[in-house]
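Taken from TrEMBL, the feature domain 'NADH:quinone oxidoreductase/Mrp antiporter transmembrane' applies to 139-293, 300-467. According to TrEMBL, the transmembrane segment annotation covers 30-48, 60-86, 121-137, 175-196, 217-234, 254-272, 279-297, 303-326, 333-351, 363-385, 412-432, 452-472 (among others).
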Amino acid sequence: MIFISILTLIVAKALPSLNSKLSSVYFTRISAIVFVYAGVLSFNTLYIQSIGSGIGIYSGLFQVTIISQFIEVFLLIIGSLILIAWPLKSSLNYISFSKDQESSSLKDKKGAFEISYSTDYSLLVLFSTLGSCLLVSTSDLVSMYLSIELQSFGLYVLSTLYRDSESSTRAGLKYFLLGGLSSCLILLGAGLIYAFTGLTNFESIYSLISVSEVNNIIQGLSLGLILIIIGFLFKIAAAPLHNWSPDVYDETPTIVTIWLTIMPKISILILLLELHTQIGVIGSLNSLTITLSSYAIQENSIYLLKNLLLISSLLSLIIGTVVGLAQTRIKRLLAYSTISHIGFILLALAINTEQSIDSLLFYIIQYSITNLNVFLIIIALSYIINQSYLKFKENNDSIKDIRYISELKGKFFLNPLLSLSLSICLFSMAGVPPLIGFFSKQIVLYSAIGSGYYFMSIICIIVSVISASYYLKIIKVLHTEVEENTNLQMTEREIERETSNNLTENNYTMLSNFHSFLISTLTLSILFFIFKPSLILNSTQLLSLSLFNF
């Protein structure tokens, strides 16, 4: 469905007669409708009885399971919400989401550039989402690599979408080069596995692991698996392979940062979940065991996969929390916050029990909802701030991202509703009860303590307390009254008139009605989750049981 839609939109864009009649808004809306329709089709497959044990399609290249279809529906919902929220409202002027000043040649061709960029945005999002949906269902080394590259190439181009912006181009180039390195590691690992086994299908490899007693084959499999896992950890920005993410997130437009922080992480984490669970069930020790009789007096069992995930989880928790304390840029701080959240997810993944998988799926859902809402609020604030002060500044026709935390100072008095929504999301990220973020961390801690991971549980509690400080720093700045700016020379009546229409009368702002409704819905779901938790919790519990009981 998505692939056919991509071909249709490419043809429509290539034909001058159609391209001149269809604006960028139509392309984004059509793409969002495609996501919704594809999500409905994926949801209907959940009623197939045999899907519990998995259905192989395309000669075993992909395997449709309950968890893959559920995550695919979730990805399509998130993708449609982001697409509908952008562009927020059609504008006659070119809107710059970059922090750099645009060239004069760009300003002379405002409309053409705006339409071209928006059209490319929707097509690239379709390509990337198609790769994500294929990745969660992959069951072969070949389809795994192709799906990752299909997902990644769309993100590489998205990062450089605003090619007249130096920062966006720099971020995209950095993301492309380092992402290519991680793809090489994944390809090398897949090649090693094929060299030692002659197999590419996951089910065949699992069967070989369960019956093979040849050390060389097991060691070759382990080496290839290590390289693949390292490549995956790099792509989800888990420590110590995280250095690229703060720079890329900070220098790309915020609407692109949403995709980088949510979509690729979900698909790769689900693939890691499938691999780790299957290998854990086969190995009966929840890890891949290697016998090193030639290097030790007695046989030693090294739990490579579990230890690798635990080490990355520990480093992600510590680095994401400690380094985040020193950040002054809002998106760099959120990047380190994401690294810390990845630490919780990897801990739940490493434990590999029914309760931990339940907590992992629930954490991914709440992380995606909260992160999406935070970035949508930041985009909305940037529109409202620029629109409020636009007519008081001459020769300024571009709307720019919020870069520094200090730029949020006093925005509670500019728009109380958006500021309160942002505060609720930050409190949820910090794990303050009774918000949804608290319950996600609580379930992860319960599963860790129940499995005997007391040290990791203590680390999680400590970093949660420390990380709350930089969330509170943003909230404090947000609710601090800004000093009077004499340069603008605005009277209180003028300020009130400019800010009175922020969320109620959108004719004077760039904030669309759907954007306002989306922020309100996500905020209420975060705030009032405690009153109806059974819908999400029961779903994640059934998904976790399906991994172990089929």
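From the backbone N, Cα and C atoms, a Cβ is placed for every residue, glycine too.
In TrEMBL, annotation is done automatically, which means it is predicted and not curated.
Contacts between the transmembrane segment (254-272) and the transmembrane segment (412-432): absent, as fewer than 3 C-beta pairs lie under 8 angstroms at sequence separation of six or more. Within the chain, the transmembrane segment (217-234) has long-range Cβ neighbours (under 8 A, six or more residues past its boundaries) at 178-179, 181-186, 188-193, 195-197, 205, 208-209, 241, 268, 271-272, 275, 279, 288-291, 304-305, 308-309, 312. When Cβ-Cβ distances below 8 Å are used as the criterion, the transmembrane segment (363-385) is approached by residues 74, 78, 81-82, 85-86, 88, 254-255, 257-258, 261-262, 266, 269-270, 330, 334, 338, 341, 344-345, 348, 399-402, 407-408, 411, 414-415, 418, 421-422, 425-426, 428-429, 436-437, 439-441, 443-444, 499, 502, 509-511, 515-516, 518-519, 522-523, 525-526, 536, 540 of the same chain, each at least six residues removed from its ends. Between the transmembrane segment (303-326) and the listed ranges 60-86, 412-432, 452-472, the one holding the most Cβ pairs under 8 Å is 452-472. With a cut-off of 8 Å between Cβ atoms, the residues of this chain six or more beyond the transmembrane segment (175-196) that come close are 141-142, 144-145, 148-149, 152, 155-156, 159, 205, 216-217, 220-221, 223-232, 234-235, 241, 244, 248, 260. Counting only same-chain residues 6+ beyond the ends of the transmembrane segment (60-86), those with a CB under 8 A from a CB of the stretch are 28-29, 31-33, 35-36, 38-39, 42-43, 45-46, 51-52, 54, 121-122, 125, 129, 132-134, 136-140, 142-143, 201-203, 255, 258-259, 262-263, 266-267, 270, 273-274, 361, 365, 368, 372, 376, 379, 512, 514-515, 518, 539, 542-543, 546-547. Residues 337, 341, 366, 370, 373-374, 377-378, 380-381, 384-385, 388, 438, 441-442, 464, 467-468, 471-472, 474-475, 478-479, 481-482, 499, 502-503, 519-520, 523, 526-527 of the same chain, all 6+ positions outside the transmembrane segment (412-432), place their C-beta atoms under 8 angstroms from a C-beta of that stretch.
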